[in-house]
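The following features are taken from Swiss-Prot:
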type     : residues                            : note
BINDING  : LEU76, CYS77, HIS78, MET114, GLU115 : substrate binding site
ACT_SITE : ASP129                              : active site
Amino acid sequence: MSNVFTHINADGNAHMVDVTEKAITEREARAEAFIEMASTTLEMIMSGSHHKGDVFATARIAGIQAAKKTSDLIPLCHPLMLTKVEVDLEAQPEHNRVRITSLCKLSGKTGVEMEALTAASVAALTIYDMCKAVQKDMVISQVRLLEKRGGKSGHFKV
């Protein structure tokens, strides 16, 4: 792992990393997030009785859309031609929470970690948005990179 911030130049200014000379390689990243809620809120989601519709389907689509828009949200991210985005949601009633996982892939010159993290985060935010009328004290937590493959820095897995 590097001990240098690649997005800070010699003058200490933020800049977009030049990836022109980097090789095109297959890259993928997996991320997760959790949203904790009351058991009654989770049951409403699981039973499909939420008045706004299918919470998981909406959150999944939001996560996919967010991955595609990451460079619009995070200033120094490169716009990427993603070849796969997957968002999965798993109700965990024993913990009164939903686990969101995301997978992003491409063949390119830069990694997809931020896209995977953005997908998981926005899916969690979408669940919050859809359920806030029922419960306002839900907690989004543990947003993290689970794994990344490809590129110069190699393989990382928690």
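Keep in mind that glycine also has a Cβ here, set from the backbone N, Cα and C atoms.
Feature map: Swiss-Prot annotations on the structure.
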residue	record	DSSP (3 states)
LEU76	substrate binding site	coil
MET114	substrate binding site	helix
ASP129	active site	helix
Discussion item. Suppose we draw a 10 Å sphere around the Cβ of GLU115 (substrate binding site). How many other Cβ atoms does it contain, all chains included?
Written reply: 27
Worksheet entry | Chain-internal residues, separated by at least six, CB under 8 A from MET114 (substrate binding site) | THR70, ILE74, CYS77
Worksheet item: 10 Å Cβ neighbour count around LEU76 (substrate binding site)?
Response: 13
Practice prompt. Report the residues of the chain - excluding LEU76, CYS77, HIS78, MET114, GLU115 - with C-beta within 8 Å of the mean position of the site's C-beta atoms, for the recorded substrate site, in sequence order.
Written response: THR70, SER71, ILE74, LEU80, THR110
Worksheet item: Just the number: how many Å between the Cα atoms of ASP129 (active site) and GLU115 (substrate binding site)?
Response: 20
Response to the item:
Record-listed substrate binders LEU76, CYS77, HIS78, MET114, GLU115 have a maximum CA to CA distance, in Å, of 12
